[in-house]
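Quick look at what TrEMBL lists:
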COMPBIAS  408-429  compositional bias 'Basic and acidic residues'
REGION    408-436  region 'Disordered'
TRANSMEM  34-54  transmembrane segment
TRANSMEM  66-85  transmembrane segment
TRANSMEM  105-129  transmembrane segment
TRANSMEM  136-157  transmembrane segment
TRANSMEM  169-187  transmembrane segment
TRANSMEM  194-211  transmembrane segment
TRANSMEM  231-250  transmembrane segment
TRANSMEM  310-327  transmembrane segment
TRANSMEM  333-351  transmembrane segment
TRANSMEM  383-403  transmembrane segment
Amino acid sequence: MALSPLLAIERPHLPRPTLREIARDLGPQEIGNGLVALIFSASGPIAVILAAAAAGNLDPGQTSSWIFGAFLGNGLLTLLLTWLYRSPQAYFWTIPGTVLAGDALTHLSFGEVIGAYLATGVLVFLLGWTGLIGRIMAVLPPTIVMAMVAGIFLRFGLDLIGAAVDDPFIALPMIIIFIALSINARVAAVAPPVAVAAVVGTVVAIIAGRLGTGILDDGLIATPVVTSPEFSLAAMIELVLPLAITVVIVQNGQGVAVLRAAGHRPGVNLAAAASGLVSIPMAFIGNITTCLTGPTNALIVAGPRKERHYAAAMVTALGAIAVGLFSPAFVGFMLAMPVSFIAALAGIAMLTPLKNAFVAGFSGAFSTGALVCFLVTVSEITLLGITAPFWGIVFGCLVAWLLDPRPAREKKSETTAEDTERSSTETEQTHAPVRS
C-alpha cells in the first residue's frame with residue numbers, strides 16, 4: 001500500500017468494488033466462510049466477555065451493551081475498510097485483553113476500566129497515525145510472527161480432538177461431513193464443508209435434545225448503556241500499556257501475518273489507527289479495544305480465490321452488525337449450544353489456517369527463533385501483565401539473533417524484498433476489476 005505524504009496510514013491500492021462486482025464475487029464459498037467466521041466470533045469469544053462481566057459483577061444491561069458495541073462497532077469498521085481497500089479486514093475485540101479486563105474488574109470499578117480503554121484507544125491510534133508501529137513491525141521476521149500465530153491457533157486443533165473424544169455424538173458427524181465434502185474441490189465450492197458441518201452439528205444437537213433453554217431470557221434487541229469513565233492512576237498502570245502491546249503487536253500482528261500469508265497487503269499503520277480511533281467512542285458503552293483479529297481473518301481467507309476474500313469479509317461484517325442489534329437473542333442461542341459443538345466447529349474451521357501458519361513459520365529462515373517463539377506462545381505464561389504471544393516474539397527474536405546463522409538472516413532479507421515486490425505485482429494483476 002502507498003503511504004500518504006501527510007500521514008503514515010497506508011492508502012488503498014485497489015479500486016473500490018461496485019455493487020455489481022460484489023454480487024459477482026459473492027459465491028457459496030464466500031458466504032459460507034463469512035458466516036463461519038461470524039459464528040466463531042460469536043461463540044467462544046463471547047464466553048470470554050461473559051466471564052469478564054461476571055468477574056466485575058456487571059448487570060445484564062451493561063453486559064448486553066458491551067456485546068452490542070463489540071459487534072456493531074466492529075462490524076461497521078470491517079465493512080467500511082473492506083470496501084475502501086477491496087481486501088478483507090475483519091476487526092473484533094481483543095480476547096487476551098478481555099481476560100486482562102476481567103482480572104482488573106475484580107478490584108477496579110467499571111468506570112475506571114473504561115477510562116483505561118479510552119487512554120489505550122488514544123495511544124493505539126497515535127502509534128498508527130505516526131507510523132511508529134509500522135516501523136516496529138517492519139523489523140520483525142515474518143517466520144517468527146507466523147510461529148506465534150501457529151502457537152495461538154494450536155489450541156483450536158487440540159480442542160477439536162478433545163471434542164471428538166469427549167462428545168463423539170456431536171463432534172464426529174461434523175468431522176465426517178467436513179472430510180466427505182472436502183475430498184472433491186467442486187463439491188466443496190458449492191457446499192462449503194465448514195458451513196455444512198455447522199448445520200449438521202446444529203441439527204444433531206436439536207434432535208438429541210442438547211440445545212439449552214432460556215435463549216430469549218435477556219430479550220431480543222440490545223440497548224446500549226453509557227458508562228461515565230473514571231481516570232485513575234491504578235487503572236492506567238495496570239491496563240493501558242499491556243492492552244496497547246496486546247493490540248498492536250500480538251493481535252494486529254496476527255491479523256497482518258494471516259492476511260499477508262493469504263496474498264493480501266494489509267496496512268500495519270492503518271490497522272493500529274483504525275483500532276484506536278474506533279475504540280474511543282465504543283469505550284463509552286463498555287467495549288474493549290478493537291483489533292485486527294487473526295483467527296477470524298484466517299477463516300475469511302480460507303477460500304481458494306484471493307480476489308473474492310473481501311466479499312467474505314463483508315458477509316462477516318453485515319452479520320456482525322445484525323448480531324450487535326440482536327445480541328441478546330443471538331448470544332443466548334450460541335450459549336445454548338453444546339460446548340463440544342463450538343469446539344468442533346472452531347477446530348474444523350481452523351485446520352487450514354493452522355496448517356498454513358506452521359508452513360509459513362517453519363519453512364524459512366530463523367527456524368530456531370521461530371521454534372522458541374512457538375514454544376513460549378503455547379506455554380501461556382504471563383509476565384508483567386502481558387500474555388505469552390508477546391513474549392514469544394521477544395524471546396524468539398532474541399534467540400534468532402543469537403543462534404540463527406547470519407547468512408540465513410541476509411538471505412531472509414533479500415528473499416523478503418523479492419517476495420514483497422513479486423507479491424505486489426501479482427496482487428494488483430489478480431485484483432484488477434473486470435469491466436463489462
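Each residue, glycine too, has its Cβ placed from N, Cα and C.
The stretches the transmembrane segment (231-250) and the transmembrane segment (105-129) are in mutual contact, each linked to the other by at least three Cβ pairs under 8 Å (pairs 6 or more apart in sequence).
Most Cβ pairs under 8 Å to the transmembrane segment (169-187), among the stretches 66-85, 310-327, 333-351, belong to 333-351. In this chain, the transmembrane segment (383-403) does not touch the transmembrane segment (34-54); fewer than three CB pairs sit within less than 8 A of each other, excluding pairs fewer than 6 residues apart.
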